[in-house]
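TrEMBL has this to say about the protein:
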- B:21-42: transmembrane segment (TRANSMEM)
- B:81-104: transmembrane segment (TRANSMEM)
- B:81-273: domain 'ABC transmembrane type-1' (DOMAIN)
- B:116-137: transmembrane segment (TRANSMEM)
- B:149-168: transmembrane segment (TRANSMEM)
- B:207-230: transmembrane segment (TRANSMEM)
- B:250-273: transmembrane segment (TRANSMEM)
Amino acid sequence: MLLVPRRRQDTTSPPVENARRGFRIDAPWVFVLPYLLGAAFLIAYPLGYGFWIARDPLNYLQLFNDPTYWGAAVNTLLFLGVGVNVTLVLALLLSGFFAIRRWWIKALLPVFILPWAIPSVSAYLSVHWMLNSENGMINTILRGIGFTSPPEWLNTYSWAITGAIVAFIWQWLPFWTLILLAARMAIPPSVYEAADIDGATGIRRLAYVTFPLLRGTYLTSTLLAAIWTLSDYNAVNFVTGGAPGDTTHVLATLGVDYAFEIGFVELGVSVGLTALPLVVILIVLLVSRLKKEAGGAA
Amino acid sequence: MNATGMTATTSRRLGNAALPLLGIVLVVWSLLPVYHMAVVSLSPDDELFDGTLAPAHPTLDNYATVLSQDDYTVQFFWVQLWNSIVVSGFSAFGILAIGTLAAFAIVRLQPRWGGLLTNTALATYVIPLSFLAIPLYKTMANYNLLGTRAALVLATITFGSPYAIWVLSQYARSSIPFELDEAATIDGAGPWRMYFQIFLPLMKPPMVVVGIYALLLAWNEYLLAFLFLSDEEAMTLPVTLGNFLNSDQVPWNLMMATALLYALPPVIIYYCFQHNVSSGSTAGGVKN
């Protein structure tokens, strides 16, 4: 209905008005002003402020001689290398499972996305108590099925970091499975029909048709997952709290710990800044990928 | 032909046995921590350390304690619940306002700097927030906003709006015909009238998606809330949950009852708007 103009105004022409100089309340930049103000005061300023706070090179020297820092760096890389990749590979396989048309698999999906719907603070606190070596549910189950001395999860570095990473995978698996499931569903059936005619079935269809078509989404997902993982504070903070003995920190939790538990703010900010090269690479790759995909869709 | 037929039957037989097994594993995997939360929240104090798979004498006492604020750990439960609601509501409103305004300007008014702004918004979308949290804390101190819920709302709006701009402008570009704008211009409508009378009503579907995203983003935020809010009466619920760990003798049953109550609103939203939530996450960034 709006397509039909009711009344034409033919005497006054808008272009004349537009040519007038000075402030106009309907200029495009007025519409983006709220965003720009927020970005200036709460992103650009703190970013610059952060660089200024952490300007002392001695802080970095101190960090590089600090075994806790190197431990946190290694753990961060474990979260990125193991956590992200295991999540995405499992999500890719499970997206195939959930694409199967059976009533009970359809009914399973709402149960499967529950970990994603639960706030991470609640979920990780629950996992924390589950991993208690004396009274935790995990060890109760393990003793029940015959393990006489189950691991002391949060008192052993390797078990504690494994627990944190598994909890993190638990929380994020449904999200990435849904993303890859949606990408899988977006493959037109005609592609599969053509593959059928060419004799590509089973594993071959998976390897030569499905995976190549999911490649773009998979790569973008990996990059996004990497940057969100790098930024994750809750998994380590609530599952292990850095225990045992500050060995399971990641850079995100160590920075906050140095700044607010020890009260050395400059050192805390420096911890975050040491991840800057990785962050910049990830952001540049991501922005170009996201732009490209949006361009393809538009 | 014969060979492919055989592989298909074999894999189907294999699938018939393996698929239900995988299904059971997935159910246990997905539910165990949630089941554990429920079990602990239903356990009386003297059963907390028994290490059982189900409470021998399940009780709702812990919920009663939380809801009547009958313990010092939960003495501000209702006001903190209210804080969480208020912070989420204002954040969602702010994110929607900023997102629709910016998307309208970029897509419908088409300024020269539209592409640059989209890039900037995308880059800020993926900034790792926890590395910026400490400078942001100092910044809020400089602005004299530390300790206020406004600080949390403003930060959430700022870090939530890039995603909103991204999703909303994609929809505005692909799903609202540009002829509408031309017709409105001929009718003599300026940009603001176009924004309120044409753009906003047609943007409802992506606004539901972004609104849910914003509500959940604010509701789930822990680190910033923990840093900004130190007064118990100004705190949101996740901060209180985290503070439970500081007690000498952690009351795990009260904590899990609170954690479950806190998890309830997002879970309800997820299941009521499941379609919108998942379509939003596909549209946002990882669109194929």
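In case you wondered, yes, glycine gets a Cβ from its N, Cα and C as well.
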Residue numbers, six or more beyond the limits of the transmembrane segment (B:81-104), whose CB comes under 8 Å of its CB atoms: 117, 121, 149, 152-154, 156-157, 160-161, 164-165, 167-169, 171-172, 191, 194-195, 199-200, 203, 207, 210-211, 214-215, 217-219, 225, 234-238, 261-262
CB contact flag for the transmembrane segment (B:250-273) and the transmembrane segment (B:149-168), at least three pairs under 8 A: no
Segment-segment contact (the transmembrane segment (B:116-137); the transmembrane segment (B:21-42)) at 3 or more Cβ pairs under 8 Å: no
